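Q: Dumping what Swiss-Prot says about this protein:
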- Cys60, Cys62, Cys75, Cys78: Zn(2+) 1 binding site (BINDING)
- Asp449, Asp451, Asp453: Mg(2+) binding site (BINDING)
- Cys777, Cys851, Cys858, Cys861: Zn(2+) 2 binding site (BINDING)
- 1383-1393: compositional bias 'Acidic residues' (COMPBIAS)
- 1411-1433: compositional bias 'Acidic residues' (COMPBIAS)
- 1383-1433: region 'Disordered' (REGION)
Amino acid sequence: MRNYNSFESITIRLASPERIKEWSFGEVKKPETINYRTLKPERDGLFCEKIFGTTKDWECYCGKFKSIRYKGVVCDKCGVEVTHSKVRRERMGHIELAAPVSHIWYYRSVPSRMGLLLDMTINQLKSVLYFEKYVIIDPADSGRNRGELIDEDEYHNYLDEYGDKFIAGIGGDAIKELLARIDVDAEARVIRQKIQDKNKISDKRIFKRLEVLEAFRDSGNRPEWMVLDVVPVIPPELRPMVQLEGGRFATSDLNDLYRRVINRNNRLKRLLALKAPEIIVRNEKRMLQEAVGALFDNSRRKRTVKGKGNRPLKSISDMLKGKQGRFRQNLLGKRVDYSGRSVIVVGPELKYHQMGLPKKMALELFKPFIMKRLVDLELAPNIKSAKKKIEAEDKEVFDVLETVVKEHPVLLNRAPTLHRLGIQAFLPVLVEGKAIKLHPLVCHAFNADFDGDQMAIHVPLAPKAQLETWMLMLSPHNILNPANGQPICGPTQDIVLGIYYLTSEVKDAKGEGKFFTGLEEVMYAIETKTVEIRSKISVLHEGKIIETTPGRLIFNQVMPKGYVYINRTLGDKETNKIIADVYEKFGPGITVVMLDEIKRLGYRYATVFAPTISIDDIRVSPQKEGLVNDANKEVEKADMEYRKGIITNEERRKKVIEIWTKTNDRITEGMFKELEKDQAGFNPVYVMAASGARGSKQQIRQLAGMRGLMAKPSGEIIELAIRSNFREGLGVLEFFISTHGARKGLADTALKTADAGYLTRRLVDISQDVIVSEDDCGTKANITLGIVKEGENVIVSLADRVFGRYTAEDLVDPVTEKVVFPKDTLITRALGQQIENLGYDKIKVRSPLTCRSRHGICTKCYGMDMARLVPAEIGEAVGTIAAQSIGQPGTQLTMRTFHVGGAASATIQEKEHKVPFRSLVKSINGRLVTNANGSKVFARRGTIIVNRLIQEFNTESLSSVRIVDGQRLEKGEVFASQVGESIEQRITSDQAGTVSLIGTTLRILGDDIVIPVKIGTILKSEEGQIVEENKALAEFDPYNEVAVSETAGTIVWEDLEIGKNVRRDVDPKTSNIILKVVEQKKDRLVPKVIVGSDGYSVPVDALLQFQNGDKVREGDVIFKIPSVAEKTRDITGGLPRVDELFEARRPKDACTLAEIDGKIEDKGEIVKEKRILYILPDSPEQEKVKVAIPIGKQIRVRQGDFVKRGDQLDEGNFDPHDILAIKGPSALHEYLVSEVQEVYRLQGVHINDKHIEVVVRSMLRKVIITDSGDTSFVNQQQVDKFLFDEENDRVEQEGGSPAQGTPVLLGLTKASLNTESYFSAASFQETTKVLTDAAIKGKTDNLMGLKENVIIGHMIPAGTGMKKYRDIEVFKEMPGDLDWDLDSEEEEEELSELSEAAPVSTATLSKLVAEEDEDEDELEEEADDSDDEDDDD
């Protein structure tokens, strides 16, 4: 018998009628199922025993043969073979159809494969199949074409005229005949020739048709097989019929559908035998077509076949589709035996690798092990009595239970399992009660809390499974978060509070200033209460006297030997940093021991501190009232300005929001200072927030500051701020406003959780086959990673960005010019810091985006495995990890919105350009005009370039200068010397920079900082000027985009008319006139304002500042365009944004990008509601490029402006597809990674870039063929880029011309459906469509990914399941005994060793497993012996 693991691939094809008959064990002729009296299957019916096999094991239908010894005998009386009843799950039957019927998948799906082959539309096919029109099969000399449709009258006329030569048909027969006459080879050749002759054919249908023809040619399928003569009947056990109480039957819907087919087929046979009139026969044939269609795919039809209770029947297709379908319900998700679930409670006494297992559960879960053990120890004579003993819960059962459970790891899982840390292994410790005990530090990984959460427990049974659980899944091996390499096991809540208390310092506490010689003395002093835990004392530590506190001394005792003495107050963030540091320096074993000790100390001292919160602890800042009054005055002032018409209503609104945001921040500061002073810095509310144990600044602000601004349900901010806090109590109106946000939070949570889950599912689907498959793909390509800045603030340092990557080039020390880090060095945290110290701000590294591995990815491109901080191993399923890392925070974030209770966080708008250090203004670029106040104003977009002033000297004070103007200096380089009183001092550079020598002034300047400046910005500095830190370089209007007059003159309106496209409003409050440009659909107006010779195009929503004929001066604002009102930014905006990016959707108002470098020419042309601009290239060889921009959109460029390729020409969001087409793949990579990261960064979530890169790489795997050359591709065909390269190499070797293609970006869903594996695609979405396509192409699934292997029940090809590990032969003895004793004296040592083994390699593990296979019996005997020895002890 073949082993189920022995096949390498699965092919899907169309079945020919002969093949269907080969499968079949007999024809089903009757629609009957079972006899209602005898309850036995009817002969020749849908459950017939003769066809499908016997219902009782080893017994025929009539009972003549009743025993296994007649195996294989066919009964001469009833014709049933004596066999196992299991064959009823595999034997098929068939129905011979009286007339051919078209398969619904091939004619109804879009695009219709049948239609493409015959060059007919679905409606034309339908009219032939449903007997409305005839189709010409052989036109003879009639002048008509084959495949044309004619009606009945025409048909008879042609028959009379041309006799038997003219052939036309109707119904399935005709379609079958047409398909059979297609010569696939010849047709494909003709179309290819056509495409080459015409070169550019826009009709996509031709390419589609060629694709289908070639699919049939290459797969060996015949087109006429899409029309069925024989329908297969699936085995009866797969469409069962069960008796319910009360004598009724429940049956699968398929039986009803089959019965309809058989009934209609039999009726048709009778009608044909009786030579019934054509009209009746045709009607019956049409009904048969309907019935077979409904059987295969009922949901595809407009009028579905309904069963009892008007419910649509589930057809064969419906059984595969959707969440409840075969793929997702039964093949990808199965129920697990030996599992249980219970409520969890906290187990502070547990070690990190332990969980508390209730005895009741253990008894049930380990039943077979206990039974075997009872029999082995002769406490029970046989298995049956052992079982009875367990059920009676005898005393000796519990003794045995202890030994059975002892070294047997179990898996704990909490739903939803959003990332791999949602399932971890622990060693069980038996506990009383019914609740599972969980270690408090693993809660974060599971996202568990103890408010009624439940967890599931699973028992690994096989020795191999136990070994793998032990070496890979035990909790000490899962200390780090795979998303970012940070510890996920950090202490929270009570523990943090205890550690904060323990390590803090109090002034003037008892015993302050005392000296001690060591820890023992200090502990004695604490016991005798001569010194307090938080007093400042001096202690002799490692030969030095240090100032510290007893608490810190105690804390440092639990730190590993050799770790630096920690002498500061620790909050949650600091503690986490220490854990990360210890992990990197000492490994997981020591870290785990330390974690347990920190947990012990934390709980102990939180108990000693024993904080409680009362209403008096919530201190309101005394300055609050004054600050609120000031704010009210400022708001009034803004109202005043608005009434006078100085600012618009929108500007006023934004100003008010900004005033309240600032006031709220000031009140918060004051309140925190107040709390800090209270109770010597130990106000419980303050301590909880400051230590990071619970609560945040945001929440305490609402308790003791002011609640601040709230958001409407729409997300807009209500300008009426809530001035009260919860301590004072809210007014009625304030309370009412508050309720919006609170509800929105809860509603969002419910809706978004589902969205985040769906995002994760799509991410997993696209990246599940990315597995580390080789060590190095050898690519020369790489990416450049640099510091991430927002303005001038560094958000992500270089060391953080390049952590865990391989360098792609040699890194040289700029001073000594020696290679410090050669190419292909793995960058650890320490190395990253060194690279940063060398003065690099960007370096080239290897990246998943540029990996050339055909299947999966290589170690060098992927870099470090973030969960273990070692290079990723071959077999690591990095795609799935990437998907989980991106998807998991999505769900988290959506759940986190409601904690703030809807308080809006408005971002304060900057009004000035400034830099946070002294700097030199290098140059000011742009068109500047002088306004009425004498200030210089930018009339077009420009830039200000500044350099940081690092050092400044007067050369006269220096004795020697060794550098010249413009020279580059590295950090620490000597560039001058100065004679001091006695010796010569050498002067070195503080930072890398460039030398500027002007006269006697020597400056060292940082790199150019380019500040983009918008129109209307007022300049506050000059070229060559030194500007102090945080002083304004320029000032702008943050709320509006403006247009500035470049000359003085008279306003002339062109295509602007009040009442048509200009709305004239009078503001009711201020009586000012507002002129707003509105959209005008009917007339093609191109609104412009002309001043002198300059024209300014006016977009929709612009507010005109002057009327027609008004005089303007140079630098006046002609019109303003209000920028969109700020909505609050939270992941509610963020999750859809991530979704949009990964699905590569084109944004609604995408901006237009310049396709080449050149000058703008604007002739004012209008074509089809669009303005036409031209870009004139520099070189005369290039042609000018035409750009169409919708009327009403704000254009960013004007006549004569110079643009670069990829520059934005109008307002709007970037379209990723445009970026790919114009700027290329690397710009797109950068755009997608940075945009996704921005959303997560806003929420404070850290995800390593490489995870996003893995997904983006999978989105860019396809190429669209633009010119097929001599390859087998078709134009417009989408092919895998590796396949594209392989085919091109083949053609070039044969001397042909290769194909040309452009990379194409596919969204998650599209890319998943286009994977090479049809199994993976079919189980994702659009199951029938995928299978239809795969069957026609005769696709073979090579089972390379994880998903397809799970579906067919193979081991997944990752980790220890990789093919290369399956055939390992081992020739040496078993290495020692694997029974480890964790509860012995050397417990901690053992645990350290166990955890040190954390980065156990998959290869090692597989060897162990293989060795175990070799000698499993021996191992069991050995284990038994060792158990006996235990008993002797």
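Backbone N, Cα and C atoms are what each Cβ position is placed from, and that goes for glycine too.
Could you place these features in context, so I can see how deep they sit and what lies close by?
A: Counting Cβ atoms from all protein chains shown, Cys62 (Zn(2+) 1 binding site) has 13 others lying within 10 Å of its own Cβ.
Secondary structure at Asp451 (Mg(2+) binding site), as computed by DSSP, is coil. Around Asp451 (Mg(2+) binding site), taking its Cβ as the centre, 5 other Cβ atoms fall within 10 Å, counting all chains.
In this view, Cys851 (Zn(2+) 2 binding site) is surrounded by 24 other Cβ atoms within 10 Å of its Cβ, with every protein chain counted.
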Q: When a 10 Å sphere is centred on the Cβ of Cys75 (Zn(2+) 1 binding site), how many other Cβ atoms does it contain?
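A: Step by step: centre on the Cβ of Cys75 (Zn(2+) 1 binding site), count other Cβ atoms within 10 Å, giving 20.
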Q: From the centroid of the CB atoms of Asp449, Asp451, Asp453, the recorded Mg(2+) site, which same-chain residues not already listed sit within 8 A by their CB, in sequence order?
A: Ile344, Ala448, Phe450, Gly452
Q: Taking the Cβ of Cys861 (Zn(2+) 2 binding site) as reference, which residues of that chain separated by at least 6 in sequence fall under 8 Å from it?
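A: Non-local contacts for Cys861 (Zn(2+) 2 binding site): Cys777, Thr779, Tyr806, Arg846, Ser847, Pro848, Thr850, Cys851, Ser853.
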Q: Give me the sequence-ordered set of same-chain residues, not including Cys60, Cys62, Cys75, Cys78, with a C-beta within 8 angstroms of the centroid of the Zn(2+) 1 site's C-beta atoms.
A: Tyr61, Gly63, Lys64, Phe65, Asp76, Lys77, Gly79, Val80
Q: Identify all same-chain residues not among Cys777, Cys851, Cys858, Cys861 whose C-beta atom falls within 8 angstroms of the centroid of the Zn(2+) 2 site's C-beta atoms; report them in sequence order.
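A: Near the Zn(2+) 2 site, the remaining chain residues are Glu774, Asp776, Thr779, Arg846, Pro848, Thr850, Arg852, Ser853, Ile857, Thr859, Lys860, Tyr862.
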Q: Give me the non-local Cβ neighbours of Asp449 (Mg(2+) binding site): same chain, 6+ apart in sequence, Cβ-Cβ under 8 Å, ordered along the sequence.
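A: Non-local contacts for Asp449 (Mg(2+) binding site): Cys443.
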Q: List only the single closest residue to Cys62 (Zn(2+) 1 binding site), chosen from the binding-site residues Asp451, Asp453, Cys858 by CA-CA distance.
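A: Given the candidates Asp451, Asp453, Cys858, the nearest one is Asp453.
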Q: Sort the binding-site residues Cys60, Cys75, Cys78, Cys858 by C-alpha distance from Asp453 (Mg(2+) binding site) and give me just the closest.
A: Cys858
Q: Within 10 angstroms of the C-beta of Asp453 (Mg(2+) binding site), what count of other C-beta atoms is obtained when all protein chains are considered?
A: 17
Q: So how many other Cβ atoms are close to Cys60 (Zn(2+) 1 binding site), meaning within 10 Å of its Cβ?
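A: The Cβ of Cys60 (Zn(2+) 1 binding site) has 24 Cβ neighbours within 10 Å.
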Q: Quick check for the class: what is the C-alpha distance, in angstrom and rounded, between Cys78 (Zn(2+) 1 binding site) and Cys858 (Zn(2+) 2 binding site)?
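A: That separation, Cα to Cα, works out to 63 Å.
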Q: Between the Cα atoms of Cys75 (Zn(2+) 1 binding site) and Cys858 (Zn(2+) 2 binding site), what distance do you get, rounded to the nearest Å?
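A: Cys75 (Zn(2+) 1 binding site) and Cys858 (Zn(2+) 2 binding site) have their Cα atoms 61 Å apart.
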Q: Considering the binding-site residues Cys78, Cys777, Cys858, which residue's Cβ sits among the greatest number of other Cβ atoms within 10 Å?
A: Cys858
Q: For Cys858 (Zn(2+) 2 binding site) and Cys60 (Zn(2+) 1 binding site), what Cα-Cα distance in Å is obtained after rounding to a whole number?
A: 59
